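Visitor: My structure is below; once you've seen it, I'll send some questions.
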């Protein structure tokens with residue numbers, strides 16, 4: 001299934017007929033407006049934005065674009081390209097939608113930038129000509145996006161490139177992805193980060209909205225293996241862009257563990273439709289098993305097997321817990337299950353907290369947890385040490401990063417292969433209509449239990465690695481909020497998809513790290529984000545067509561699009 | 001004597017659970033939504049009462065004096081106003097647009113609201129001029145008659161707040177019974193919970209009934225908030241989570257959707273917890289494991305009697 | 001036995017009793033929804049179940065397919081007594097459709113039918129992840145068989161459409177295809193033509209004949225009398241949970257008690273269909 005096209009049109013809520021009339025009358029002016037606005041944005045990148053050279057990086061110098069000046073130029077470039085395309089009207093693109101996104105994006109971007117300059121430098125007097133030019137440019141692009149006419153996407157006329165060129169497209173895209181990621185992570189300033197985020201988001205939405213996303217999906221579909229390989233290569237190369245710094249690698253490892261766990265949860269929630277609110281307990285089980293069987297002097301069990309055995313133990317114990325929890329509760333219907341699993345999650349935390357020797361046997365050292373877990377050592381490769389590969393030093397977190405990359409590859413493999421199999425179909429059938437599935441001979445109870453066990457095993461596996469990476473395990477790492485975060489990653493990204501969960505996990509872990517200014521408001525924003533997402537885009541950022549239809553049944557256009565596409569695929 | 005004491009403790013705890021549980025059950029009975037944020041409504045109620053005390057009885061609070069008894073109804077009004085306002089807003093803004101969405105959507109929204117409300121109180125309460133910072137526990141004012149020395153009839157220890165909590169439950173239950181079975185709106189509520197579509201065809205304003213359900217739940221939760229404040233003499237932004245979870249357990253225990261089930265479930269759960277603290281021997285007894293026993297009860301009930309103590313069995317139509 | 005065999009010109013009812021329900025009774029509390037109903041279905045036979053609303057037809061189906069555990073009586077399929085579990089009933093060779101269509105709405109038509117193959121395939125989690133030759137063989141066989149069945153019911157061109165987006169009549173046919181995918185010996189159809197126009201009803205009748213001609217036994221619940229009397233070899237008329245009349249379409253059609261049950265039985269109409 002390809003990436004989605006039908007992003008919510010930002011103007012959807014306004015009066016439809018009035019909007020149509022406006023487009024009818026002024027649509028012809030849109031390309032010109034876009035060109036003018038885009039050129040202004042491009043020019044603004046060469047001008048000075050601020051008198052003060054300490055704000056948002058250094059943006060006071062002319063003809064030497066840096067930081068947000070470059071973002072303005074990127075936005076300008078995209079606007080110009082879309083403007084030209086809008087004039088030439090290729091059947092396979094819908095530049096109007098893209099322009100709307102770029103318009104909104106540039107406007108928000110410029111306003112954020114100008115407000116930041118004014119606030120930090122003490123008044124709008126400190127904004128230089130570049131800022132004002134950019135504002136005019138952004139307004140023009142916004143206007144263009146507002147009046148630009150939307151075309152029907154004609155899916156059949158995608159231009160086919162020769163095989164090598166398609167592969168080149170993928171390689172270039174991946175290279176851009178790698179560069180952008182490294183660059184984004186390198187930013188320290190919160191507001192520059194916000195500006196970049198707005199830019200990237202609006203460009204991404206513009207590309208997807210105007211049909212490039214579909215095209216990329218089409219090209220990717222033609223070269224599936226190349227795409228996968230390239231994606232993993234990019235992920236593999238990432239530590240080499242960090243020049244030995246462990247700061248970003250630490251975030252990256254956290255994202256990977258989080259994403260791997262969320263993918264496990266995605267089997268339970270996204271495929272089988274079982275809402276598990278205590279899933280973090282399985283990660284915790286794995287982590288505790290990892291810690292108790294580690295070389296740590298605080299480990300309460302004398303047995304210290306090699307790590308490979310520990311991983312298997314972590315999986316086995318977690319999935320056993322999954323079965324123990326699952327067998328009584330999976331007969332209970334949906335909403336109850338959510339609360340029962342929540343209760344189990346709390347029981348796990350309380351048990352780990354209490355098993356300290358005074359309230360029951362000493363297994364976990366109670367609230368103090370198990371500290372001083374040594375680093376892993378694979379065949380002499382000490383994870384705690386810095387290794388130099390090809391002249392680039394790779395620190396402790398880079399070592400774990402590579403291991404976690406293998407883990408996530410494994411989890412993705414398990415997820416996608418199960419999804420596309422008899423088992424996966426059984427799960428989706430149960431999610432759709434449990435009674436009907438049973439009446440068609442699907443072993444409902446067994447499959448639910450299987451989903452629980454597999455999900456738990458994957459989380460347990462991730463947990464054993466997490467114990468070593470964190471060097472300590474304590475009960476307060478496994479509170480309900482963490483389960484909510486995992487669920488949010490699944491829902492935010494797009495239930496039942498791999499890419500969506502990766503995106504969701506990245507956003508949820510990366511944003512708090514980079515928005516230090518708003519650190520205290522992180523949870524507040526998280527709560528708000530959940531509510532807003534459910535209200536406006538419940539299917540998640542990267543939705544499968546199936547999910548979109550489920551949530552937007554009344555959207556005729558979408559239904560038709562999906563139908564034609566299915567027919568296309570069938571041919 | 002020990003047993004009687006634990007029963008009293010259990011009854012107190014249980015009344016609190018019951019008051020909150022009614023909110024879950026009323027809303028669930030009507031729109032089959034687990035209003036996960038209900039625990040936060042309870043918390044908001046407690047803070048509403050605290051705010052009222054700070055606004056109208058400032059001098060007492062500052063000097064650490066006991067508020068006069070007539071302050072109690074004022075505090076109740078304040079608490080109820082706060083809870084009801086938040087609950088109604090929540091229904092209108094977050095839940096109503098999701099009425100026909102798949103079931104996962106409102107549940108996740110509820111989690112979002114829950115986190116949002118907790119954080120909003122934690123971060124913003126102290127920013128209101130004259131209000132204390134709510135990042136830590138905030139002392140709850142004492143009120144004459146319902147705070148103070150415990151009574152010790154027959155060697156039992158009965159806290160005065162217990163009288164308030166149990167009394168509140170009795171009055172609220174009686175009021176609810178009257179409302180549901182004797183008033184027009186109450187009967188409309190019953191109709192909507194049976195079949196919303198038919199009820200709508202019969203001219204019942206379903207949206208309004210749903211709001212009423214939220215209001216009832218919020219009112220009782222607000223009173224529970226005060227009861228909790230009086231019992232533990234402080235409030236904090238996290239108090240809603242565990243209380244909400246326990247109350248939900250109570251609602252399920254009694255049979256979700258059934259108001260009397262919620263009351264019965266709450267009392268049962270409270271007593272079980274108290275007895276577990278007092279009578280489970282060895283290292284697994286005592287207060288550190290009581291929550292584990294409470295959840296264990298929930299699971300046992302769901303396995304052996306999924307419809308709860310008073311719930312009706314649901315037959316799936318083919 | 002494949003259902004794609006060319007249909008024989010004239011059909012014969014086999015001697016073997018496929019399904020036998022003996023004295024099935026189902027009570028909900030004080031209400032007797034089905035009381036002492038017995039039925040025999042032979043190979044290649046089409047049996048109709050008629051009766052006014054609330055007569056207990058669907059409840060009887062639910063008893064047969066293991067969705068309800070009958071209070072009394074027993075159900076045997078090809079001589080073996082059926083355990084009251086839907087899963088085992090399907091494995092034994094009985095498949096059904098639903099009165100209110102219960103497709104997997106967000107799955108494609110093909111996937112819906114593939115789910116029907118679930119109980120006749122065996123690859124489990126580990127094989128699915130490893131993707132050995134056995135898995136691939138089974139997967140492609142499942143896909144092929146599902147496509148074959150879609151062609152068979154006339155949905156060959158809707159393979160990739162989501163079930164929820166199919167027209168009403170096609171959804172009913174998809175349910176039949178999904179049921180056939182479980183390789184049943186007997187097919188239970190609960191109001192297969194409800195909501196259909198005359199042309200679709202006609203098509204459905206031919207489809208059922210085709211299924212019958214491939215050797216399956218069919219039991220049909222229907223309110224459309226013309227449809228039932230044209231289709232069935234034998235008809236049972238249920239009223240208030242028990243068999244009022246049983247016989248050939250001609251016999252049942254002319255029985256005055258049936259006419260009375262439908263026209264005079266005002267009170268029966270008021271009962272809810274459980």
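The backbone N, Cα and C atoms fix where each Cβ goes, and this holds for glycine too.
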Visitor: Under TrEMBL, which of the candidate ranges A:1-18, A:307-324 is annotated transmembrane segment?
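Guide: It is A:307-324 that TrEMBL describes as transmembrane segment.
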Visitor: Count the Cβ pairs between the transmembrane segment (A:485-507) and the transmembrane segment (A:519-536) that lie under 8 angstroms and are 6 or more residues apart in sequence, then report whether there are at least 3.
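Guide: Checked: the transmembrane segment (A:485-507) vs the transmembrane segment (A:519-536), in contact.
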Visitor: Sequence-remote contacts (6 or more beyond its ends) of the transmembrane segment (A:98-118), Cβ cut-off under 8 Å?
Guide: 7, 9-11, 30, 34, 37, 41, 49-50, 52, 55-56, 68, 71-72, 75-76, 78-79, 82-83, 86, 124, 126-127, 131, 134-135, 137-139, 141-146, 148, 191, 194-195, 198-199, 201-203, 205-207, 209-212
Visitor: Within the same chain, where does the transmembrane segment (A:307-324) have neighbours whose Cβ lies under 8 angstroms from its own Cβ atoms, ignoring anything closer than 6 residues to its ends? I mean 6 or more beyond.
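Guide: Counting only partners 6 or more residues beyond its ends, the transmembrane segment (A:307-324) has Cβ contacts under 8 Å with 281-282, 285-286, 289-290, 293-294, 376, 378, 449, 452-461, 463-465, 468.
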Visitor: Can at least 3 Cβ pairs under 8 A be found between the transmembrane segment (A:225-241) and the transmembrane segment (A:439-465), with each pair 6 or more apart in sequence?
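Guide: Judged by the Cβ rule, the two regions do not touch, with the required three close pairs absent.
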Visitor: Going along the chain, which residues at least six beyond the ends of the transmembrane segment (A:247-272) come within the CB cut-off of under 8 Å?
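Guide: Answer is 185-186, 238-239, 279-280, 282-283, 395, 397-398, 400-401, 404-405, 407-408, 411-412, 415, 418-419, 424, 427-428, 430-431, 447-448, 451-452, 454-459, 462, 465-466, 469, 485-487, 489-490, 493, 495-498, 501-502, 504-506, 508-510, 513.
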Visitor: Between A:63-86, A:400-418, A:439-465, A:519-536, who has the most Cβ pairs under 8 Å to the transmembrane segment (A:279-301)?
Guide: A:439-465
Visitor: Report, as numbers and ranges, which residues of the same chain sit near the transmembrane segment (A:439-465): CB under 8 Å and 6 or more residues beyond its ends.
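Guide: For the transmembrane segment (A:439-465), the far contacts come to 257, 260-261, 263-265, 267-268, 271-272, 274, 276, 279, 282-290, 307, 310-311, 313-319, 321-323, 325-327, 330-331, 376, 400, 403-404, 407, 411, 414, 418, 423, 426-427, 429-430.
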